[in-house]
């Protein structure tokens, strides 16, 4: 139970940080639950930090090498920008709000604005994942794609639509006094304004992935007169790397177990790993392990070794 400490002079103990009488409620805290949430926060911070570094390097590679310029990479770049800003803002949120109870209790306008921007870039991140799925699906299903025109729609969807959603969400929550507390840390009654479009985008991406696999398998069977099971499995496995790009791993953990249940800890850890390390996974799969990127680096390395061989070696190779 909570208690207060009385000084020798008969006055209540004054906390040095708040300069007010302090009640000690630390004995009321469930220490195992506290350690679980602190561990989950550590996973988030580590995952977002590693993803942020990998995403920045990947974005630099995509921007630096002009030979990589195409519609697909342009969509990748916008997705990576949304990842970078989203991950950075989560780190700021953990450092400036979550780890400071006095800021949460103060419920200042600054922390509410940070919450709104954080959720804008979160929704934008999901919508750019949807753009990735829609583009891949369009390439396979539609014979001719006007890529300049489709990019305008992607910019509007990826960056513009989340603005409208977050404005509606922020206005509704700010107007409700019961929801306008504690820096909006807890999920409120108006979160559906953001979550419903996000869930719909993930379900559409799931449909795109299934249809992409179906089209690839159909084309493979049309080319090969005899059914080639190995080629079909290889095509399906290759398509499965799209799961982190399209954010479909979130569908694996759609429902949160009740608080205090045995599965809650597992859910929180899996959610933390899936959310915070997604940027790192996408960077590895679609930049560092990408065949085009690896080909460029091999070409640059060969040119570097050629130049280090000296002018005679360079001239002889060129002549040959």
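Backbone N, Cα and C atoms are what each Cβ position is placed from, and that goes for glycine too.
For 40-290, the entry in TrEMBL reads domain 'G-protein coupled receptors family 2 profile 2'. Look at TrEMBL and you will find 43-65, 77-94, 126-146, 153-172, 192-217, 238-255, 267-297 tagged as transmembrane segment.
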* Candidates 43-65, 126-146, 192-217; stretch with most C-beta pairs under 8 Å toward the transmembrane segment (267-297) -> 43-65
* Grab the same-chain neighbours of the transmembrane segment (153-172) for me: Cβ-Cβ under 8 Å, and only residues 6 or more beyond its ends, written as numbers and ranges. => 75, 78, 82, 112, 116, 119-121, 123-124, 127-128, 130-131, 134-135, 190-191, 193-194, 197
